[in-house]
Amino acid sequence: MTRKARRCLGHLFLSLGIVYLRIGGFSSVVALGASIICNKIPGLAPRQRAICQSRPDAIIVIGEGSQMGLDECQFQFRNGRWNCSALGERTVFGKELKVGSREAAFTYAIIAAGVAHAITAACTQGNLSDCGCDKEKQGQYHRDEGWKWGGCSADIRYGIGFAKVFVDAREIKQNARTLMNLHNNEAGRKILEENMKLECKCHGVSGSCTTKTCWTTLPQFRELGYVLKDKYNEAVHVEPVRASRNKRPTFLKIKKPLSYRKPMDTDLVYIEKSPNYCEEDPVTGSVGTQGRACNKTAPQASGCDLMCCGRGYNTHQYARVWQCNCKFHWCCYVKCNTCSERTEMYTCK
């Protein structure tokens with residue numbers, strides 16, 4: 001582990017008041033005043049604080065899963081006006097967009113998937129109490145397919161169930177945005193479940209495959225990022241439906257006249273159109289594109305014309321000098337030339 005990574009983990013544990021101990025390949029977590037510490041973590045709902053106090057080891061994993069989701073979000077949108085950033089108060093799930101847009105839909109889905117992925121992985125690795133390998137995928141023989149369960153299958157049902165209880169608990173209000181958030185949370189988890197992998201190993205004499213054992217594994221999170229980015233591009237505009245006047249919304253339907261069709265379980269849904277993300281706006285949570293690096297010649301979203309929203313861009317020139325064309329001379333010294341290069345960088349005004 002790099003020094004920077006160790007420092008980041010240290011800050012995380014200290015901020016939560018948690019001592020992380022690794023004993024014999026397993027991890028145990030000792031909370032130092034969990035009640036006090038959990039009450040200081042910003043943005044937690046009462047149910048989430050209760051889970052934090054009872055399962056501080058799981059809170060560390062939840063934080064790692066949330067960060068994994070945010071990192072993937074930033075990767076997928078690194079070349080767009082919106083780069084997975086937002087204004088507002090920081091929570092355990094990062095800063096949140098205030099409008100119910102496509103971007104908010106993606107954020108909720110990728111974080112929900114990240115938390116479920118991290119919990120499931122921690123169970124498989126033996127780093128969490130009360131969970132482990134999937135007990136239902138052990139020893140059963142699938143005669144038609146010629147293999148049986150073996151190894152340690154990832155218990156995705158436990159991971160999704162635990163993540164659902166924690167992540168969904170922040171949705172306290174009963175309004176259209178809550179319905180949207182809960183739908184996108186579920187979509188992220190369901191897409192994770194649908195992309196689980198089956199790995200197998202052959203057993204037999206001289207490389208034959210007389211018997212085969214198989215187990216389920218988690219997909220690479222980057223794969224989920226690409227799947228969810230496609231879902232973002234095809235996100236469905238929805239609106240709330242109320243059972244009667246003056247009642248809270250009960251479900252979401254696709255926003256089309258004379259239609260009550262509900263979105264698919266794995267659709268990302270949004271209730272408001274996206275802002276253009278050109279300017280900083282506390283109302284929407286947009287941080288704007290001022291100061292963002294752009295590509296002068298690119299025609300797509302990362303190009304300066306689109307990224308800078310017509311405001312123009314600044315040009316920064318840099319000189320890089322290094323030793324090059326080095327040769328060894330007998331005996332015994334090395335002679336190098338000095339090479340230099342001028343580069344330009346462009347940032348939005």
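The backbone N, Cα and C atoms fix where each Cβ goes, glycine too.
As recorded in Swiss-Prot, the features of this protein are as follows:
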type     : residues      : note
SIGNAL   : 1-31          : signal peptide
DISULFID : Cys73-Cys84   : disulfide bond
CARBOHYD : Asn83         : N-linked glycosylation site
DISULFID : Cys123-Cys131 : disulfide bond
CARBOHYD : Asn127        : N-linked glycosylation site
DISULFID : Cys133-Cys152 : disulfide bond
DISULFID : Cys200-Cys214 : disulfide bond
DISULFID : Cys202-Cys209 : disulfide bond
REGION   : 238-266       : region 'Disordered linker'
DISULFID : Cys278-Cys309 : disulfide bond
DISULFID : Cys294-Cys304 : disulfide bond
CARBOHYD : Asn295        : N-linked glycosylation site
DISULFID : Cys308-Cys348 : disulfide bond
DISULFID : Cys324-Cys339 : disulfide bond
DISULFID : Cys326-Cys336 : disulfide bond
DISULFID : Cys331-Cys332 : disulfide bond
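Shown here: features listed in Swiss-Prot, placed on the structure.
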| residue | record | Cβ contacts under 8 Å, 6 or more apart |
| --- | --- | --- |
| Cys73 | disulfide bond | Cys84, Phe106, Thr107, Ile110, Ile111, Gly225 |
| Cys123 | disulfide bond | Cys131, Gly132, Cys133, Ala154, Asp155, Tyr158, Gly159 |
| Cys200 | disulfide bond | Trp147, Lys212, Thr213, Cys214, Trp215 |
| Cys202 | disulfide bond | Ser208, Cys209, Thr210, Thr211, Lys212 |
| Cys278 | disulfide bond | Arg81, Ser286, Gly288, Thr289, Cys309, Arg311 |
| Cys324 | disulfide bond | Cys336, Asn337, Thr338, Cys339 |
| Cys331 | disulfide bond | none |
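The disulfide-bonded residues listed here are Cys133, Cys152, Cys294, Cys309, Cys339; among them, Cys294 has the most other Cβ atoms within 10 Å of its own Cβ.
Reported as a whole number, the C-alpha separation between Cys294 (disulfide bond) and Asn83 (N-linked glycosylation site) equals 12 Å. Secondary structure at Cys294 (disulfide bond), as computed by DSSP, is strand.
For Cys209 (disulfide bond), the Cβ neighbour count at a 10 Å cut-off comes to 12, with all displayed protein chains included. In this view, Cys304 (disulfide bond) is surrounded by 23 other Cβ atoms within 10 Å of its Cβ, with every protein chain counted. Checking each of the recorded positions (Asn83, Asn127, Cys326, Cys332) against Cys348 (disulfide bond), the C-alpha distance stays within 10 Å for none of them.
Take the Cα of Asn127 (N-linked glycosylation site) and measure to each of the recorded positions Asn83, Cys152, Asn295, Cys304, Cys332: the nearest one is Cys152. With every protein chain in view, the residue among the disulfide-bonded residues Cys84, Cys336 whose Cβ has the most Cβ partners within 10 Å turns out to be Cys84. When secondary structure is read from DSSP and collapsed to three states, Cys152 (disulfide bond) falls in the coil class.
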